[in-house]
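Since the structure comes first, as C-alpha cells, the remarks are kept for the end.
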Amino acid sequence: MEKDTKQVDIIFRSKLPDIYIPNHLPLHSYCFENISEFSSRPCLINGANKQIYTYADVELNSRKVAAGLHKQGIQPKDTIMILLPNSPEFVFAFIGASYLGAISTMANPLFTPAEVVKQAKASSAKIIVTQACHVNKVKDYAFENDVKIICIDSAPEGCLHFSVLTQANEHDIPEVEIQPDDVVALPYSSGTTGLPKGVMLTHKGLVTSVAQQVDGENPNLYIHSEDVMLCVLPLFHIYSLNSVLLCGLRVGAAILIMQKFDIVSFLELIQRYKVTIGPFVPPIVLAIAKSPMVDDYDLSSVRTVMSGAAPLGKELEDTVRAKFPNAKLGQGYGMTEAGPVLAMCLAFAKEPFEIKSGACGTVVRNAEMKIVDPKTGNSLPRNQSGEICIRGDQIMKGYLNDPEATARTIDKEGWLYTGDIGYIDDDDELFIVDRLKELIKYKGFQVAPAELEALLLNHPNISDAAVVPMKDEQAGEVPVAFVVRSNGSTITEDEVKDFISKQVIFYKRIKRVFFVDAIPKSPSGKILRKDLRAKLAAGLPN
C-alpha cells in the first residue's frame, strides 16, 4: 500500500463546512443526547404488528437488555452475535451491547449453518441472539463452545428467551469506561478481495459518520423528529444500521421496521404511516418502477428517496421520480470499511444544492477524499478517473485479527483505498465508473469470488475454477463460474450449481457454469478476471 509520494496530494472536501462532532461520546450517549426533546414520540414502529415503542421505551428496553447481557456474563469488549431480521429486539440488543462497551457482530439470518458458524467463531461471539427457526444452524457450535443462544420468539431446549434480558433491572448496568476507539460494531465484509473479514467500527467512527450525515445547521441529510423513516433494508447491513437506525435515533425520527421487502406491504406501510424518508437499494427501486400496483397507493408523503449500495441508472431514476411526485431522489456511496458513508447527495441537505443525474453525491463533511492513479499512486485532478480514497475519523479501525489486510487497505497516512474507480467533476460531484475490486454486487450484497472458488476447488471433479460477475437486470450482477473439469470427468452444469447451492446463501449461488480448458492467469498466478469478463461480454464463454 505504500505508494510513491512524489507530489502534493490533491484533496477534495465537502461543499458544506466542517462542524463540531462530539465523537468523544459513546455511541448510545450520542444517539440519545437530545432524547428529552422527543422522549414521548414514536421511535420504533413494528410494521408486522403495529406495535409502537416511544423513545423513552427504546432507551429503557436497551438499558434493561444491557443489564441482562451483563447478568449473562457479557463484559466490555466481549462480542454478541445478532442473527435476526429487522425487529425491535435487534435494536435493543445492539444498543444494549453498546452500553456495556461490548461489540455486536451482525449476521444475515439467511446464511447457511457453515457461514454463521464461521462468523461466530471468527468474532468469538459469547452470545447469539436469534429466532427459534435459526437455532439448528448454531446449536452444535454453541453447545460445544459454551456460547449462549437467546431467542426472541420461543426458546427451544437449551436456549434462553429474550425476556431474560428485557426483565433485568436497568439500574444493574455496571459502570464501564468506554474509549472512543473501542469497537462497537463488527460487520463482516470481503473488502476489496478475498474472504469475509470482521470490520472494526468504533464508537468514534460511527458517531462521526452519523454526524457527517445529520448534524449541523445545514445537515447533508436533513431528517427531523417529524419524519417517518422506512427501515426495510436489513439492519445487519451497515447502510441500514447507520443511515437509517442510528441517523433516525439521533434526530428523533420514527423508524418504521419491515422484516422483509414485499411490494404490497411496502406500499401499504408507506400509505398508512405517511412515510417521509425512503432509504432504498436499486432492486427495491426496480420493483417500484415495474409494479403496476404502485399507482393504487398514495405515496405523496415521501419527500426523500435515497438509493445506495449499488449504482442506479438514469432510466430507473426517471421512473422513480414519476412514482414519488414530491420526493427528492439522490444517491449515496458507501463501503462498510469506510464507516460506511463516503459521499452523499446534497439535494438532501436542509438548504439543498443542485445535483447531476448519475452522481453519487459529494464527499461527506469532516472528511477528505482523493482520486489516485492506480499505476503511479499519484493523486489526480478533477475529471480524471482513478481509485477513490477517503480519510477521516469515520473509517474503520481495521480488520479484526488481520493486520496484513488492514495495511493493504489503509496506508500510513490514514487513507483508505476503496477499490472503486471514479472521478470528481468541476462541481465536486463524485461519479463511480468501475471497480478495481473483485467483489460481485448482487442487489447490494457482496459476493466474494474467492469464497466460491475455494468451494468449487473442493469438488473432486473440478481441477480449476474462476468466478466473475455477469450483468443481470434484476440483481445488478450475478456470479457465474468458469470451470476446468478434472481428467475424464463429465460433471454437468447442474451438478456444479447444486454442489454450491447446498453450501451458501441464495445470493451467492452460481447462475451459470461455463466449462473451459484452462483458467487465464497472470505470471504470478492471479486469475485474469478481466479476460473472463470480456469473454462474457462478447457472448463467447465456451
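Backbone N, Cα and C atoms are what each Cβ position is placed from, and that goes for glycine too.
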Co-listed AMP-binding residue [Swiss-Prot; alongside GLY332, THR336, LYS437, LYS441, GLN446] among ASP420, ASP464, ASP472: ASP420
Rounded to the nearest Å - Cα separation of GLY444 (CoA binding site) and GLY332 (AMP binding site): 13
Residues that sit under 8 angstroms from THR336 (ATP binding site) by C-beta distance, when 6+ apart in the chain: PRO187, SER189, VAL199, ILE238, MET396
Proximal residue to ARG435 (ATP binding site) among binding-site residues GLY332, ASP420, GLN446 (C-alpha distance): ASP420
Collapsed DSSP category at ASP420 ((E)-feruloyl-AMP binding site): strand
Sparsest-packed of the listed binding-site residues (GLY332, GLY444) - C-beta count within 10 angstroms: GLY444
Secondary structure composition of the region 'SBD2' (332-399) [DSSP: H/G/I, E/B, coil]: 6 helix, 23 strand, 39 coil
